[in-house]
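Asks: Starting off with a structure, shown below.
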Amino acid sequence: MDFILIDGSYGEGGGQILRTTLCLSAITGRAVHIENIRARRKKPGLAAQHLTAVFAAAKLCDAELNGAELGSRTLRFAPRIKPRAGEYRFDVAEARRGGSAGAVSLVLQTVLLPLALAEGDSCVVARGGTHVPLSPSFDYLHDVWLPYLKLMGVGAELSLERTGWYPIGKGEVRLEIKGIPSGGRRKLHPLKLEDRGELIEVFGRGLAANLPEHVSQRMAQRAETLLRRKNMSCRIDAVPVRAACPGAGTFLVARYERALAGFGALGERGKPAEQVAEDACAKLLEHDHTSAAVDEHLADQLVLPCALADGESGFTVDPMTRHLATNAWVVERFGIAEVELISTSATAGLVRVFPSP
Ligand SMILES: Nc1ncnc2c1ncn2[C@@H]1O[C@H](COP(=O)(O)OP(=O)(O)OP(=O)(O)O)[C@@H](O)[C@H]1O
């Protein structure tokens, strides 16, 4: 069989190589063979979140699977049909005995584009971690990532049914996706975002689950105090919620005239609520000091949709990360686009994506 070979140890060598590969395999119908999955992680191979993404992507396009098990370092994934619109439910906890708080955001990012480019509407309900380390929080997906995808022509709505925190997870997110009409165009609009304009405001929330109400209030107040001290207009809400286990975090969005950027910090046992807010603010202020249009995480997440657009995209970012370079490499392996990463200073850069005709 003709398949694309992907080396999972390339560059960052993490789970994103796998997810981008799954997404593009489903969209293009090309079979893939991935080796050295998550080779640069402490515990290489498929973890619960990755395995859930594999099963989710396979479900959309009825893919033939080989190596889809926990800890597996190789995977063969061969779509049998075009992604099919429909109702889907995925639960990260089912991928591992004893459950998992693996990030639902990463699973949703894997299935959104194949379904947005499929004929007909879909609804995906995903259960797992909604605010967990090293992944986009629900707030980030909702406030930053999805608005950009909408700008590129994706019709989708996200809602949070229940938050899920480490180590139990059990949060739930619903994603409604508008597919394309029968015979419609399977392309997104390009994104041009080199100049972000002036900062308009910062908004966000201090979110605390199963903790005394003052925790969310202290995060919100501390964040507002710090941001106002920098003369930023801001509105940070205190949001107490219930969940399967305690958790807390501060999630902020910097809204510029033409851009959005998201930052967050998670609480942990022994870390004062004020410190959580300060960590989130520090990340936002660091970004604000640059002139980059998108934040470092969004940059790697935009490469894939930009590769599926019907024209050239460009955006500025600071810093350019290894995640970004690695995702650019995966996209190029599929031959669907060329990605140029142009350094404009020691850390900053301009990303240009040229989809193949
Ligand atoms: N705070 C954050 N806000 C938004 N996005 C984030 C944040 N932290 C991480 N991300 C995004 O989450 C993704 C993580 O990808 P990565 O390759 O590290 O794989 P992973 O599957 O999470 O796990 P592992 O690193 O264990 O392999 C990247 O797209 C990264 O930009």
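Every residue number used here counts from 1 along the chain in the order it is shown.
Here the Cβ of each residue, glycine as well, is placed from N, Cα and C on the backbone.
Keep in mind that TrEMBL annotations are predicted by a computer and have not been checked by a curator.
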Asks: For the ATP site that TrEMBL assigns to H297, L298, A299, D300, Q301, which of the candidates Q49, Q109 is also assigned?
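Replies: Looking at Q49, Q109, the one TrEMBL places in the ATP site next to H297, L298, A299, D300, Q301 is Q109.
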Asks: Measure from the CA atom of H323 (active site, tele-AMP-histidine intermediate) to the CA atom of Q109 (ATP binding site) and give the result in Å, rounded to a whole number.
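Replies: Spelling it out, the Cα of Q109 (ATP binding site) and the Cα of H323 (active site, tele-AMP-histidine intermediate) are 15 Å apart.
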Asks: For ligand 1, list the binding-site residues among Q109, L298, A299, D300, Q301 whose CB atom is within a distance below 6 Å of it, in sequence order.
Replies: D300, Q301
Asks: Beyond the listed site residues Q109, H297, L298, A299, D300, Q301, identify every same-chain residue whose Cβ lies within 8 Å of the center of their Cβ atoms for the ATP site.
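Replies: Going along the sequence, the neighbours appear as P136, W145, V294, D295, E296, L302, V303, H323, L324, N327.
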Asks: Express the distance between the Cα positions of H323 (active site, tele-AMP-histidine intermediate) and D300 (ATP binding site) as a whole number of Å.
Replies: 6
Asks: Reported in the order helix, strand, coil, what are the DSSP residue counts of the domain 'RNA 3'-terminal phosphate cyclase insert' (195-286)?
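Replies: The composition, in the requested order, is 31 helix, 36 strand, 25 coil.
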Asks: Looking only at Cβ atoms, how many others are within 10 Å of the one on H297 (ATP binding site)?
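Replies: By my count, 21.
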